[in-house]
């Protein structure tokens, strides 16, 4: 059973590497953000698997956290790319 | 019983891993950000859901630890993944990235034009 | 057209509470499981950042009328105050007091003055992070 | 009151917090700051008295046994330095009223100052090496704020360099602490010292000692790490400059003193020789700079570097005379630098420039300023009975006793360069034909001059009243010389 | 692990020495990563469980370096924020992000 | 005790001077000041009988007993002699200054404050037994001299001269302090008396010669000996009373005093004898030779002073030689010491009067340029008389005091010729010849001074003022001194017994037990023709001839190249100190943070790697290193990849994403290494940081490489590689050499039972090491307020336009 987990981990790391390639290559900024988002999601998987492998439940917090942050990052980057700034000031319109 | 549990844990895991791999491949193979976003959001969400489910089951069934956080995480991902994809698509569109030549229809563009035409 | 992010705004209203609750949870769990004032504070700040992302600065300021500088100061005073209580008893600074209680529903818990200190940390982190982000964000 | 030694750290800290509640009310800011500072000065005076009466004070926070909690230790050296810092800051607070401007006062000038004092006092008092790092960060962060506050072009330009250098040095600092922890398994300085003498100062420990010297040297501006200092210090307004010049580098120097005397005194043939060579090079480099510029600020800033070299030279001798001289000179230099910078501020306020070539003949219009400057200048150069003399005397004596004749002579000769550099200011600014100056109102002049003169008077007292201060210096040097006193005070509670 | 730390430091220093302000800022970010990993390394890697009490686990990893890193992380976050703002304020006022043009004259300017 | 306090009487009096100067404008402040030296002079006269019999007076005021520093008033023959000179001439100078300085035009307050300060300083120098106090007063004389020379501070020459004299004398003082410290280390006391009593042991000490040389540096600079004399001519920018007082009669003699005072300690050293004597003779020659070149009256006197100081110095050296001669008190050697002191008194008298004369000439004619002067004899007969007395005494002619001391000087030099101590006997002969030549030049410049000014053709049109005799008040002081000069010739032994002999006994305690033992009788005519008399006659004849021919050869001085002079050396070193240092400093302090960082990194790397190498600190052990599994390898690859991306990124967004990715990988590493708290914090912080970057990017430009040259990048890469290598080696070595177990075990043991927590890391943060956390959040708070301040407060916009960039 452990082998299965290890194998899954390796495969996921491989997919991470592929995503990383997209992250590095681009070619456009949105591409990179998409890659980053995918990266975040894969990271969640990695952490999940790792917590099984390490054998502790204390990393389960990390999963939710990652989900939150990944979402946050995606939104922030998207807005940055779309508008060049992250927050609307609220006084311009 | 043991085998059953193992299978219960393994199946979502395998599904998840496969989807994740598919995501990665898709991300590299698709021609433009819009299609890539599609790959990233849909298949990767399924992928991570599978894996998380497996992790949840592992902890619940094997280590006897019921973790509501994972369920919460799954829920969270379910809510946010589409929104994220939407944002990225918008971002790509408004930052002026040209869709691939294979694109059939630009509905948003039509909408905008109609909006401005009014 | 561009500013009406209906989808994100709707989502945010839900997600904000999830994050906030999670932050509180992590803050309280800190003494026994991973977490604590820092992470809790930062997560809370993230939740507010999400609001900022979805709405705009003025709206958020109106919804959460907090002076973050004062929040920082309050947090600092709380943290220092907790630590300084020991001075009154003439024991070394920072000596904490705690006791274990058995409360209904929660089982065995402890009431710990370190918790109060951690609350100070939490407030400072929220205040400082938001202060920084808002300062930069509202600069033009 | 076992927590007495914390008061000089916590009172400014609390003051800063309180100040953050009402940043825009200038008069309230001033009042609270002054009250806080006075309380802090009083507490540190009581602390010094207690330390002198009862010996080294140590408290391990949180009631944990010594190496496990954070220990704060107050020996005569640190108590003396704390009192000095408090006095100087108090004077600079008064000085700021008339010079810093309402803009800065409304934007956290005083809280930043108080935070910085917290950091400085904490760094002087702490007995835990990682805690030292934290206090360094507190004072550095506050100094970043102070150096950039106002956002003038020059400030921003130099702040970038300042912060960059300090980020690098902090990174090195924290890694070095980690390595030290890896080897000795502890963070308490007394405990480290005990363990190092137990297991012997192996090669790696010596290298770590060298790293520590360099890291602190970066803050303390020794050769070859001083390059960032002159232009960075010249950027902020004068009160901030005075604060930096008096306190910041001295924290680095203090840390080096602790490192080489308490933690790693077992391989003097290597570490102390190296420190000596570096300190002499520092003196030389400082002398070059002090002569090279015709700018008031630059001249005195380079004198900081010279002083750092002199103090560390005294430390590197590792005998009673050298150490006592170093302690003496350290405190002297804090006072005198504060005084000099404040006086420079007065001159700049009057003339509207810091370029020596554009001023002259002030002796006629501002005689009191001229004489105060002259006294301060001679104090800096170590003309007896002013404050710089006894430190230098003892340092020279230490050098000669240790057989470093040329080193001692170089230190003496450096006094000449120091004198030349500051007398040049006197000759150009106060002598010569009066030149048209901007002038300043009487009120501002008085507001600036009085604190400066008071600090200068204090240095005169410091020199003339050496006999009363001597027990402090002696005890401080003795603890540096025999770290076992310090170690026992911390570990055998 | 040490090699990776060395690599991080190398990259950080290289970036810090470069001419673009943004690259310098990024360099400091890498520098702090390197420092944190180094602290972690110094704690050693023995121990099989996170330093959180759990029934039947006795073999914890060293918790102290972790606490130190935590402190260091927060501090470097603060420093990064200040540096970043300083950088962009400097850019606003001085209108360049070229470190070479940020030289300035030491003497009365 | 009283005598110590009286040392400070002038300074205390000086406190009231500004008040008097401003309140009582009608009366010249000098009249009040005059009381101080007069009263002190009378006070010191009271010690004469006691001291004549070999008694000493010691007053002591403890100052810093723990360092063995006290203020003393030690009055023996030597210090009494000097005290009388200081107060006596001081009184005359003050009197003179009352007429010399105009009460309406000058800032008299300052002048008299400096003068009184100097008086205290000088009294302190000669009466201090404690070397530290001595040093203090010594520097005070330099300072007051600086202020007095710079009294007319709007003149360039005054400022230049003031700085020059201060630099040189303070330098000497510092070196002297070094010598004092060495003596203290050798003898364990700062008291000169006690040191003198242990002189033989000191001579054995290895540091003895160092102390000697350092101390002599002090004496030579102060007494304007070769090559340090160059400050003295420039010091003539001071008002003439000051020149008369400081730069001829008293301050410059402090160096002589020092040598005399330490002769009992250092006489045992042959280096001392030869160094003092030969430098003295060299100075004597040099000063007299160049005095003839001068055209400024005060310049002549300045060089003459240099020369005369050299003379006394050489005599003091010769007097130390007596230590090495068996039964010296019976031979010619006894004359040197006596001659030194005797001439010192003489010189003070005639040189003082000559300076005052020069001042009168200056005051009444408006110039001191000897080329413009001439024929003043008829206009200023009294002044001429005084000048003649002084000059002839200086030239060593009877019937003036100078004749006697010149005779004694020649005796002293002759005795050296017989000394075959540690050097070939011919050496002494060389000195004798040089001394003789110098005396010839002395003769010439004395004549030159007086006759060029007062005889010859009067050139009224060259003079700024029409010359006439000075007011009577101004003539009093020089006249008194002139009378003394004459008196010394006629009653030399009165002065000899009362003043000189006690002083000689103090200088040469190894020869005399008490002043009465000093068996020297001074006479103008010894009843037979002595070699000294022959030499004097030779001097006069040669001198007269050369003076006659002066216009023929004076131009020869101009052949002496200017760029070889010591003045030039000083000037160029000062220029180097300013512009040279400036250029030097600018060459590396170029304002580029990159350069600074490169110096720093290079310094750190070299020093640390060097230490590692020297101390053999490198070690690797794979025990306890990180377990390397596939996950680790994968993560590290990702880490390396993202770091490389930051290095090569061309767009800032890419760089930031890569940095974020690196941060996330670090977080994952924390997961692998079982640090959940860290992982959580790192993740959130990283995200927030990235958000901050994005926020800040709104204000920042696009990433640009600013065309970094290849060389630039290679340089960076080398430094970077060095730092990387250093850190890697350090980390490896430190991790491999864990000498002791960590203190963490304690935390593991007590976390639940005593701290009441479960998460050790968090408990450390809030409890064990909560103090760190308290200040860590303080850091965060400061950052927050700092950023707020930075953004909200922009002073540039309001003004501050003086910066052009």
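Our numbering is plain: 1 for the first residue shown, then up by one each step along the chain.
From the backbone N, Cα and C atoms, a Cβ is placed for every residue, glycine too.
These come from TrEMBL:
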type     : residues  : note
TRANSMEM : D:6-22    : transmembrane segment
TRANSMEM : D:77-96   : transmembrane segment
TRANSMEM : D:108-124 : transmembrane segment
DOMAIN   : D:128-416 : domain 'NADH:quinone oxidoreductase/Mrp antiporter transmembrane'
TRANSMEM : D:162-183 : transmembrane segment
TRANSMEM : D:203-229 : transmembrane segment
TRANSMEM : D:241-264 : transmembrane segment
TRANSMEM : D:276-294 : transmembrane segment
TRANSMEM : D:301-322 : transmembrane segment
TRANSMEM : D:334-356 : transmembrane segment
TRANSMEM : D:368-386 : transmembrane segment
TRANSMEM : D:406-427 : transmembrane segment
TRANSMEM : D:448-465 : transmembrane segment
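Across the candidate stretches D:301-322, D:334-356, D:406-427, D:448-465, the maximum count of CB pairs under 8 A to the transmembrane segment (D:203-229) is reached by D:301-322. At the 8 Å Cβ threshold, with sequence separation of at least 6, the transmembrane segment (D:334-356) lacks contact with the transmembrane segment (D:108-124), having fewer than 3 such pairs. If you look at the transmembrane segment (D:448-465) against the transmembrane segment (D:276-294), you find fewer than three C-beta pairs under 8 angstroms, all six or more positions apart, and that falls short of contact.
For the transmembrane segment (D:406-427), the most Cβ-contacting stretch among D:6-22, D:77-96, D:276-294 is D:276-294 (pairs under 8 Å).
If one looks beyond the transmembrane segment (D:6-22) by at least 6 residues along the same chain, the residues whose Cβ comes under 8 Å of a Cβ in the stretch are 28-29, 32-33, 35-37, 39-40, 43-44, 47, 59, 72, 82-83, 86, 89, 108, 110-112, 114-115, 117-118, 121-122, 125. Residues 5, 8, 12, 30, 33-34, 37-38, 40-41, 44-45, 47-48, 51-52, 57, 105, 109-110, 113, 117, 120-121, 124-125, 239, 242-243, 246-247, 250, 254, 257, 327, 330-331, 334-335, 338, 342, 345, 447-448, 450-452, 454-455, 458, 472-473, 476, 479-480 of the same chain lie 6 or more positions beyond the ends of the transmembrane segment (D:77-96) yet place their CB under 8 Å from a CB of it.
Within its own chain, the transmembrane segment (D:276-294) is flanked in space by residues 213, 217, 221-224, 226, 230, 301-313, 315-317, 355-357, 404, 407, 410-411, 414, 417-418, 420-421, 428, which lie at least six positions past its ends and keep a Cβ under 8 Å from the stretch.
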